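Copied over from TrEMBL:
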{"type": "DOMAIN", "residues": "504-691", "note": "domain 'Histidine kinase'"}
{"type": "TRANSMEM", "residues": "20-42", "note": "transmembrane segment"}
{"type": "TRANSMEM", "residues": "84-108", "note": "transmembrane segment"}
{"type": "TRANSMEM", "residues": "115-131", "note": "transmembrane segment"}
{"type": "TRANSMEM", "residues": "143-165", "note": "transmembrane segment"}
{"type": "TRANSMEM", "residues": "177-196", "note": "transmembrane segment"}
{"type": "TRANSMEM", "residues": "208-226", "note": "transmembrane segment"}
{"type": "TRANSMEM", "residues": "238-260", "note": "transmembrane segment"}
{"type": "TRANSMEM", "residues": "266-288", "note": "transmembrane segment"}
{"type": "TRANSMEM", "residues": "303-327", "note": "transmembrane segment"}
{"type": "TRANSMEM", "residues": "333-350", "note": "transmembrane segment"}
Amino acid sequence: MKEREGECVMLVVVKGKSWFFFLCRYTIWPLFALLSLSIFAISLWKGYTLHQSACSEELLCDDIFYLTADQLSILNQIDLPVSFYSGVIGGFAALSFLSFFAVSWILFRYGSNDPVCYTTSIVLLSTGSVFTNDGSVLEAWPLAVRAFEFQDILFGLSYLLLFLYPDGTFTPRWTKYFAVYGLFFALSTYFAPSTVLDMSTWPIALRFIQSSTLFALIFYSQIYRYKRTFSAEQRQRTIWFIGSIALYMIGSVTMLAVGYHPVSKLFIWGFMHIGLLSIPFSVALTVIEQRSRRMETIFNRSIVYAVLSFAIVSVFALATGMVGAIFQTTDNWLASLLTIGIISIVLQPLRDKVQKAVNRLIYGVRAEPYQVVSNLIHKLEAVVSNRTFLPLVLESLAEGLRLSYAAIKDNRDRPDILLASYGTPVAKCMEIPLSIQDEPVGTLILGSSAIHNIIPPNKRYLFDDLIRQVAIATRTALLSNELQRSREQLVSAREEERRRLRRDLHDGLGSNLASISMKLATVIDQFEGQPTKAESMLVNIQRQLDGAIEDIRRLVYALRPPSLDEFGLLFALRELAAHSQQANFRIIVHAPDSLPPLMAAVEAAVFRIVQEAIANALRHSQGTACHIRLSVDETLRIQIADNGIGMSGAPKQGVGIRSMRERAEELNGRIAFQHTAETGTRIEIEIPLITRPQSE
């Protein structure tokens, strides 16, 4: 089935990029955005005026943050301008609305082709509009009233969204009933007006209690997930969401308790809107992370970083100004200035901590590249094999930077060779040259289109340090690989030279000496009746030649067992087992019918290791049987096991064991020893499959 090209608001599915799809995709969100901006502008303008005038009674005010006559009198008594009160209310509301609007635009910009992103962007846009705007000031604009009512209906979906955050399930399951409850009452205001189901007919305090109860249940749901089901990364992201809900709840509960003083209203309003500020960012980042593969454009984290950082700075500037204005004295301007300075100093460390938290929310561990380096070093300390060195570097790098793909290629003096990779390749990648002292060592490939999607702008210089560490690790791996190749070549050359010497000694000098011995035997036979002394000398020469021939044969066998070249490794091992077994000790070889043609070094190493293992079993095991098993896939595996008492009575690191270990390591292999009194001794050897051409 062909993949869907476009979907809109999960209401229609349109195959192919038809006119209806484009109309749906690129008209609905802009229309919502235009209406939201219009409602926001009207609400901010009219609200600024209404917040400076008195309403009749506290419980009859359309907005709990409107002022009564008594509260206006309190502001006048403390010399706090009503315009300042109204400005702070409008400022926090504007920041909250703009945060919802900006995040909604980001979701539309990067995920308009994905139904989940698109729907979330619409719901966030409506939620921001309902949370921060006052619908009662729109009566003079009927179109704005209808648009606000429609957004209020969609706002009901936000309860579902918040209860489902971040994994799309109701946890615990019973919370789904309260999500439906919240949606039901949000809709009943318009589908059952002027009834008991219409929340607009409820007292403001009751509406606050209902809203606070739903948010308390959302908060409980998140705490439940945080403790029982969330991963470390989910906890890092949802802690912002949980904190936002907590701040909003604190503001709501405090409002009911002490919210009738105008100054307390300012602080409570600030608490509630600071809480609202990071909700859209937490939701959007989770949605984008989970849906990134369906997006047409790679998500630009720097935009979210800039927007959220600006919002944080604005909040602290507004809070500093508000607190400074409240505590300033009109009689002494120096004291007022000093008060504002002290407040700024007190709030600055908090702002720095919040900014660091923003970095971690947007970029994760990569917000602190040195943390990535530290994690990388800790992992590399546990590396025992050169084959896992670079893959572990890339795994640590990709996890620390939250990338789906990372690779290192060698493109120095030859066509590109992929040294190692992690994850699945993506369409757009970034290549970073790796060098040490201006000498290229390779290229790092990261699954991201640009560096600003990986590291916060103010940490780029630290990213360079991280890249240098990767370059050093790459250089180390390359040198280690080259050293291992040189070692293998030396071992192979040594074995090939031994093979040549054995052949030359056996076929050349050995044959000549044997021929001389035969001729001497003939001469001796012809000495019938000749002097005894001459005969004795010739016999002595023949004995010396026979001894020399025996020494040469022993030397040839020590250089390389002849059966390896004549009949192969399997025959040589079976012959070794047959010659070594005794009446009370059986040696059985389990092996495939044939092996691929192996390098001389591999054959010799395996033969000598098995030979030494059999000798140890005969000498120390006190068992009755020894099994030798060979298997081949990407490596040659040999297992030698006896049923004796183990090697507890033998030296732990004798010459034989050291020799076995060295022979395996010379070929980039490994050897492991296990011995217990119950199961005997087991030796496991793994050697990379180094084959030779059939012509050899």
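From the backbone N, Cα and C atoms, a Cβ is placed for every residue, glycine too.
No curator has checked TrEMBL annotations; they are predicted automatically.
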For the transmembrane segment (208-226) and the transmembrane segment (177-196), does the number of C-beta pairs under 8 Å, pairs 6 or more apart in sequence, reach 3 or more? yes
Please work out which recorded stretch in 115-131, 143-165, 177-196, 266-288 has the most C-beta pairs separated by under 8 angstroms from the transmembrane segment (84-108)? 266-288
Six or more residues beyond either end and a Cβ under 8 Å away: which residues meet both conditions relative to the transmembrane segment (177-196)? 149, 152-153, 155-157, 159-160, 163-164, 170, 210, 214, 217
Segment-level pLDDT (mean, integer) for the domain 'Histidine kinase' (504-691): 80
